[in-house]
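Colleague: Before I ask anything, let me first share the structure, which is written out below as structure tokens.
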Amino acid sequence: MDDRTLLVVGLGNPGPQYAGTRHNVGQMALDVLADRMRASFRSHRANAQVAEGRAVPGGPKLILAKPSSFMNLSGGPVANLLKYFSLDASQLVVAHDELDIPFDAMKLKQGGGHGGHNGIRDIISSAGTGDFTRVRIGIGRPPGRQDAADFVLKPFSSTERQVLPNVLEDAADAIEMIASDGLIAAQLRFHTAAS
């Protein structure tokens, strides 16, 4: 039995009006993973929805969390969850949307800056470090002159929605592989597949 624990956070905005938007793709990936784990999300006092379980029998414990705050205030709930579960940033994996990666592609990385992502910026500020794992799910850049802030709050296009289930399955697979085999193994698999 693997006694490691990982806090896996899916970023997004709360409320049904944001449920299918590009900004919520991190939370959508966690929904897929929770379904696989047969785990249910429940309200947690850290201002988040939390589900706990193991992705594979005997594997590390995964605490899946969807902050109940808006994206730009994700840091408070994440810092509270790290404290509540006595975890540090090395045990944190954050799944989020990424404008700089094309739709249907994904990049995994350890540490770094926020790259203009306000949810990541707030987590770095609240946690006091950027040294955590990121599952960067590509949503691509807006077409034409559309504002990026407006673009991320819009639903996926009908064409994108046809592919989205596969994108979410891949993100859930990547999180499982990070948990079981480590980041480097997951990078080798998913970066090669995306090239």
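Numbering starts at 1 and runs along the chain as displayed.
Backbone N, Cα and C atoms are what each Cβ position is placed from, and that goes for glycine too.
Quantities reported herein were computed from a predicted structural model and do not represent experimental measurements.
Features from TrEMBL:
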- ASN13: site 'Discriminates between blocked and unblocked aminoacyl-tRNA' (SITE)
- TYR18, PHE70, ASN72, ASN118: tRNA binding site (BINDING)
- HIS23: active site, proton acceptor (ACT_SITE)
- ASP97: site 'Stabilizes the basic form of H active site to accept a proton' (SITE)
Colleague: Determine, to the nearest whole angstrom, how far the Cα atom of HIS23 (active site, proton acceptor) is from the Cα atom of ASP97 (site 'Stabilizes the basic form of H active site to accept a proton').
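Modeller: Taking the Cα atoms only, HIS23 (active site, proton acceptor) lies 6 Å from ASP97 (site 'Stabilizes the basic form of H active site to accept a proton').
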Colleague: Please report the DSSP secondary structure of ASP97 (site 'Stabilizes the basic form of H active site to accept a proton'), reduced to three states.
Modeller: strand
Colleague: So how many other Cβ atoms are close to PHE70 (tRNA binding site), meaning within 10 Å of its Cβ?
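Modeller: Other Cβ atoms within 10 Å of PHE70 (tRNA binding site): 16.
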Colleague: Which of ASN13, ASN118 (the recorded positions) has the most other Cβ atoms within 10 Å?
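Modeller: Within the set of recorded positions, the most crowded position is ASN13.
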Colleague: Which of TYR18, HIS23, ASN72, ASP97 has the fewest nearby Cβ atoms, counting only those within 10 Å, among these recorded positions?
Modeller: ASN72
Colleague: Determine, for the tRNA site, the additional residues of the same chain whose CB lies within 8 Å of the mean position of the CB atoms of TYR18, PHE70, ASN72, ASN118; present them in sequence order.
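Modeller: Here the non-site neighbours turn out to be ASN13, HIS23, SER69, MET71, LEU73, SER74, GLY119.
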Colleague: Between ASN118 (tRNA binding site) and ASP97 (site 'Stabilizes the basic form of H active site to accept a proton'), what is the CA-CA distance rounded to a whole number of Å?
Modeller: 11
Colleague: What recorded positions among PHE70, ASN72, ASP97 are found with a C-alpha within 10 angstroms of that of ASN13 (site 'Discriminates between blocked and unblocked aminoacyl-tRNA')?
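Modeller: If one measures from the Cα of ASN13 (site 'Discriminates between blocked and unblocked aminoacyl-tRNA'), the recorded positions that come within 10 Å are PHE70, ASN72.
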Colleague: Give the helix, strand or coil assignment DSSP yields for PHE70 (tRNA binding site).
Modeller: coil
Colleague: Compute all pairwise C-alpha distances among TYR18, PHE70, ASN72, ASN118, the residues listed as binding tRNA, and give the largest one in whole angstrom.
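Modeller: Per the listed residues, the maximum Cα distance equals 16 Å.
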Colleague: Taking just the CA atoms, what is the gap between ASP97 (site 'Stabilizes the basic form of H active site to accept a proton') and ASN72 (tRNA binding site) in Å?
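Modeller: It is 13 Å, counting Cα to Cα.
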